[in-house]
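Heads up, the thing below is written out as structure tokens.
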Amino acid sequence: ALADPLKVMISGAPASGKGTQCELIKTKYQLAHISAGDLLRAEIAAGSENGKRAKEFMEKGQLVPDEIVVNMVKERLRQPDAQENGWLLDGYPRSYSQAMALETLEIRPDTFILLDVPDELLVERVVGRRLDPVTGKIYHLKYSPPENEEIASRLTQRFDDTEEKVKLRLETYYQNIESLLSTYENIIVKVQGDATVDAVFAKIDELLGSILEKKNEMVSST
């Protein structure tokens, strides 16, 4: 018998480095990487039933109802790649009601990784971000400055990358996370995200490796 595949949820505030870690996890563990936002865009582009319904809400400037998104997530998790190789659910659920909807469908992860980065570092990471309108490349004034003066002179800041906007986004994020804690409290693992990319991944890798080991032991003992 094959071991039960890995099922992982990951969450992190804006600029916590979650996107980078997801890429590393996906590459090493071959998990189906599922982001609700990407799913939503794909379904809308494909003109599916869920996509059409979601689009109606978005065009009115309203939030897409939980049931539509949960449906999309459920259908995606039923695809063969997610069933066979396991899955990485990225930045979802975001609220207690979304978590409950997944629980009702018996969709439960082995672990819920919470990337923990101090607020002042998150703010610094976001506020220092700059966009090169010519190439679309993202720079950071401190961590990855532009190669030359010419590029430096044309860099722009995205309108929602201001300190005020970041702090609002963080506030919303923390409220959302707070509401999830009760559902996942015994499987939440906080990983300090203020180290280097490799150091953060080493901790995640160790965690996922030990979960897989336990799953394999269970198979060999039955």
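Quick reminder: no glycine exception, Cβ is built from N, Cα and C everywhere.
Fair warning: this is a prediction, and the values are worked out from it, not measured in the lab.
From the candidate list Ala195, Ala202, the residue Swiss-Prot records in the ATP site shared with Ala15, Ser16, Gly17, Lys18, Gly19, Thr20, Arg129 is Ala195. Range annotated as region 'NMP' by Swiss-Prot, chosen from 35-64, 65-94: 35-64. Sorted by the number of other CB atoms within 10 A, the binding-site residues Lys18, Arg41 start with Arg41, the lowest.
Classification of Gln98 (AMP binding site) by DSSP places it within a helix. Of the listed binding-site residues, namely Ala15, Ala195, the sparsest CB environment within 10 A is found at Ala195.
Distance noted between the C-alpha atoms of Arg41 (AMP binding site) and Ala15 (ATP binding site) is 21 Å. When the binding-site residues Leu63, Gly91, Pro93, Gln98 are ranked by how far their Cα is from the Cα of Ser16 (ATP binding site), Gly91 comes first.
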